[in-house]
Amino acid sequence: MASIEEIAHQIIEQQMGEIVTEQPTGQKIQIVTALDHNTQGKQFILTNHDGSTPNKVILARQDSTPGKVFFTTPDAAGVNQLFFTTPDLSTQQLQFLTDNSSSEQGPNKVFDLCVVCGDKASGRHYGEVTCEGCKGFFKRSIRKNLVYSCRGSKDCIINKHHRNRCQYCRLQRCIAFGMKQDSVQCERKPIEVSREKSSNCAASTEKIYIRKDLRSPLAATPTFVTDSETARSAGLLDSGMFVNIHQSGIKTESTMLMTPDKAVSCQGDLSTLASVVTSLANLGKTKDPAPNSNEVSMIESLSNGDTSYTSVCEFHQEMQTNGDVSRAFDTLAKALNPGESTACQSSGEGMEGNVHLIAGDSSINYIEKEGPLLSDSHVAFRLTMPSPMPEYLNVHYIGESASRLLFLSMHWALSIPSFQALGQENSISLVKAYWNELFTLGLAQCWQVMNVATILATFVNCLHSSLQQDKISAERRKLLMEHIFKLQEFCNSMVKLCIDGYEYAYLKAIVLFSPDHPGLENMEQIEKFQEKAYVEFQDYITKTYPDDTYRLSRLLLRLPALRLMNATITEELFFKGLIGNVRIDSVIPHILKMEPADYNSQIIGHSI
């Protein structure tokens, strides 16, 4: 690669003089030339073709071909012709061309350079001028929330030829040069031409519909929240979150937000709560209670002749007590895994060599785990959405997506040796106490994959429709709306922080090992695990983000907001339309007793 000094010698041979370069000072680059070594050289400054002085021009790259020097402006607008002239802008000029050897990139054509790698740019992508390669790399990394690691010292050279060697440094360079992650969040799948476009619809390029009558050939009627009750509701409209939906039936007070579509058969698929509860319908049937006339009419109006939904509602009424749920899930576990032990092992079982009991000053035995609390295997959080995606978004699809996230969170907790070492009773108590916090963190982590923004906007639309139809009280709607806005604000704040997989794993561990829930046993041991998670978390951030002094504080300050999320409302929004009045608390012990192989083959897939 030719250096400035080599170019200078070439110019001397061409009798153009000697170039002596100085470091950029202020807003200009100074170049001194001298045709004769015995005479004083003239001073030249960089200027535009029209004689005006540019703000700043920097060396973009040096081509391997001798004699080529490429300059560009900081905004990558591209500089094709560079003129060196005297400060008084006299007619004496020394002209350099960026590339005069190519017919495609001649002096009359301006081309942009990628701000990340220096390759030829194809346009402005996500806020900066980049090439197609860096554009696609950045989009994949942000959409899938990929976690990279650097094998070097996190200062790898990123250029056209070496940009694929270190993905970590390449992504950090994309962010450092101003590529906006929020721009990636706004992209959606293209709208089908056959679908009706509404001028009221926001800028989202993906329309998801909810239909009440499966047999209706009509397209969904667009409805939007126009109530000025809160400014935040209008803010959702401005952000392009709302979608076209059909007016949906809603239960009063107990509030089923959307009428269910006909569910795809899920027999034999134990990946979601829907399939588990459906299987229990044949295992845990008791006497058929006679519903009152109001409930029957409401079920008929919601189901619109959908017999599968009617049977699910009947099953919901059959399982009113936790005892029924427990017996049904126990029966299911035995039927699925005869003679096999459950996934949740007793304290210390299978942990030889990793976990040791230490007797303290008192009679309490403390568990000390060798090595880190979390390993690299706990960073990956892979979620597969239900497939195929229905043409019309319905309660079953939302519920199954949420239940897959719930199962995946349970599986993640079970994979931590320290969690299993606490014993089955403590493990169940911890998950029952903090499943809502873990689920909410999962929503933020899977924000893009689950399309959470659209789901929340759908909830808001349905609540607005139900209020207009007098199917829900204003007080109840306000309570649900406040919860939705809390979810929205929390997830948005997490997305803006650009949290990686390691940070999400440690945040979940700190939440999971919280000793302040009443009824927990061995709280001192749980607190020790939480302290260990915090120390490892602090060490990771210090090494990974040495220049971000307050990053740890910002992340930890997001955790108190999780305690403001009402678990009952979360159940109502995401799960009630799928499993009715069966509480998540009653389901958790049976999920933890199931072998992970019975459900994780369906919920584990694409990396988040």
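We count from 1, first residue shown onward.
Each residue, glycine too, has its Cβ placed from N, Cα and C.
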**Q.** Which listed span Swiss-Prot calls region 'Required for interaction with NRIP1', if the choices are 209-228, 229-248, 529-548, 589-608
**A.** 589-608
**Q.** Annotated range (Swiss-Prot: zinc finger) out of 30-49, 150-169, 310-329
**A.** 150-169
Q) Pick from 114-134, 366-386, 471-491: which range does Swiss-Prot record as zinc finger? A) 114-134
Q. Over the zinc finger (114-134), what does the predicted model average in pLDDT?
A. 90
**Q.** Spatial separation of Lys593 (SUMO2 cross-link) from Ser586 (phosphoserine) - C-alpha basis, Å
**A.** 12
Q. Where DSSP helix means H, G or I and strand means E or B, what are the helix, strand and coil counts for the zinc finger (114-134)?
A. 3 helix, 7 strand, 11 coil
(Q) DSSP-wise, what's the residue breakdown of the zinc finger (150-169) into helix, strand and coil? (A) 3 helix, 0 strand, 17 coil
Q) Within 10 angstroms of the C-beta of Lys593 (SUMO2 cross-link), what count of other C-beta atoms is obtained when all protein chains are considered? A) 18
Q. Other than its own, how many Cβ atoms are within 10 Å of the Cβ belonging to Ser586 (phosphoserine)?
A. 18
